[in-house]
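Okay, so here's the structure we're looking at.
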Amino acid sequence: MMAVAAAQKNREMFAIKKSYSIENGYPARRRSLVDDARFETVVVKQTKQCVLEEARLRTNENAEPITQLAQHNKQDEIKKPVEIKEQHVEHKRAEIDEENKENVCENVRAPPAPTKSDAGLTEEEVILSNAANESKEAADSAQRAALVVKLREGIGSLARILKTVEVNKGTIVHLESRPSKVSGVQFDVLIKVDMSRQNLLLLIKTLRQSSSLGGITLLADNSIDIKNPWFPKHARELDNCNHLMTKYEPELDMNHPGFADKVYRERRRVIANIAFDYKYGDPIPKIDYTPEETSTWTAVFNTVMELMPKHFCREYQAAFAKLQNEGIFRPDRIPQLEEMSAFLKKHTGFTLRPAAGLLTARDFLASLAFRVFQSTQYVRHTTTPFHTPEPDCIHELLGHMPLLADPSFALFSQEIGLASLGASDEEIEKLSTVYWFTVEFGLCKEHGKVKAYGAGLLSSYGELLHAVSDKPEHRPFEPSTTAVQPYQDQEYQPIYFVAESFEDAKEKFRRWVSTMSRPFEVRFNPHTETVEVLDSVDRLDNLVSQMNLEMQHLTIALTKLRTTFG
């Protein structure tokens with residue numbers, strides 16, 4: 001439909017054509033998953049508003065003469081639409097030059113002043129309207145719906161409501177009332193009706209015009225409720241999860257180290273296109289890194305080797321040693337994603353796929369649910385070997401990959417991803433913040449000393465030394481408080497969260513996730529690379545059977561060990 005297409009088009013405009021750094025007035029900021037999640041929330045809200053606005057307009061334009069109930073209330077005047085003006089998105093904290101402003105609601109006009117006929121149009125009504133406008137057959141299709149009507153004048157006005165249902169060719173299948181708790185309303189009446197979608201919309205519009213009613217609400221129904229968010233169910237569907245908040249940062253941000261370097265910008269473009277063209281099941285294309293890019297890798301690699309024994313957690317050091325033994329980690333060569341992916345798959349089942357840049361938070365976290373890490377392949381600009389305003393392959397390889405080879409950490413990362421599937425925008429923000437303070441900038445205890453396990457620390461020696469010093473505040477990791485902690489993206493963090501261990505972090509995270517609003521649970525099936533929604537008794541029975549079989553194997557193994565060593 002037009003609104004959805006326009007909203008999607010403009011979402012892509014913000015996701016690709018514009019610089020997120022410039023949008024927020026921080027041209028030299030460090031790009032982060034957290035702020036991208038917050039920005040994504042703003043865009044989604046604006047997109048929904050566009051759809052609502054068009055639905056209101058369409059409802060008003062297609063309005064038919066009011067029926068008997070509306071005529072009974074002639075004192076309810078319908079106001080004329082006011083002048084329509086184009087709307088422009090204005091992001092918080094941003095002062096964008098006039099020439100850079102883009103219209104999020106392109107081809108979608110602002111709504112008229114609210115009238116009795118469209119005031120309070122709900123998302124359920126928009127869904128119903130969209131379904132009815134697909135075709136004449138869809139409009140005439142029978143629909144069972146539940147309405148809650150608030151009666152101001154007592155039960156006597158119910159007769160007029162029932163007559164209006166009859167006029168609109170509806171059949172009442174259920175009716176019940178109860179005293180209302182709302183001031184000025186005497187009764188709340190639940191009415192379930194069978195009628196065509198088109199007539200249902202007219203019924204709602206007519207009832208809303210009545211001054212004798214305190215409001216009318218269409219309850220969500222399974223047959224029209226399409227609000228359940230889409231999320232990937234199979235690893236191949238990650239091909240649809242590659243949206244970026246910025247496409248080519250050096251082309252847009254004049255403070256980026258590569259802004260004035262045409263050769264570097266072209267190099268980034270070529271590597272980004274490789275990622276955009278990648279599809280599930282393809283081998284990851286090889287990148288022939290230049291001597292300059294390799295020298296940048298060497299400088300960071302040697303620094304990591306110097307700091308690792310004292311400041312890095314033991315899980316990182318153990319995996320790093322394995323990568324060295326297999327010849328993947330060497331100071332004179334940047335590893336290819338394909339060989340790194342094979343290494344991870346062998347140790348924890350994680351695999352890699354190329355990404356063109358920093359993904360939207362929802363897309364990135366969704367990938368973790370399938371034990372897939374989306375990694376960039378480009379290298380930071382050679383003039384700033386120890387700093388990058390966005391993720392690059394040095395950060396990914398030296399920061400993230402060793403710990404993704406650790407079973408406990410890999411499981412923790414996957415659980416964050418699984419929790420994100422179907423989560424609300426607000427919960428995505430919280431999960432992104434937890435990810436920021438753990439996977440990116442997390443600390444843990446080891447023999448009474450604080451060690452680093454966050455990739456942002458492991459690949460940035462300046463913030464690493466700051467994090468393990470006495471300058472910042474160290475707080476125990478508690479997901480409920482970590483998820484709402486403001487973060488610092490221009491300077492070093494003033495607060496870091498310290499986990500007792502990965503196991504302790506996982507247990508606390510699981511308890512916190514159980515309090516989220518998502519009405520279903522999911523699990524990853526590694527045999528089919530699918531995410532299963534546990535929303536039926538049959539699926540739960542099947543899962544319990546599998547668990548019982550595994551417990552039986554574990555019990556037998558434990559018995560044999562006791563017999564052998566007892």
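Glycine residues also receive a Cβ, built from the backbone N, Cα and C atoms like all the rest.
Automatic, uncurated: that is what TrEMBL annotation is.
Taken from TrEMBL, the feature domain 'Biopterin-dependent aromatic amino acid hydroxylase family profile' applies to 216-562.
A C-beta separation below 8 Å, combined with a sequence spacing of at least six in one chain, links His395 (Fe cation binding site) to Thr376, Thr388, Ala455, Gly456, Ser459, Ser460. Per TrEMBL, Fe cation binding site is recorded for His395, His400, Glu440.
Take the mean position of the Cβ atoms of His395, His400, Glu440, the recorded Fe cation site; other residues of that chain with a Cβ within 8 Å of it are Pro391, Glu396, Gly399, Val439, Gly454, Ala455, Gly456, Leu458, Ser459. Within 10 Å of the C-beta atom of His400 (Fe cation binding site) sit 26 other C-beta atoms, taking all shown protein chains into account.
In the predicted model, residues of the domain 'Biopterin-dependent aromatic amino acid hydroxylase family profile' (216-562) average a pLDDT of 88.
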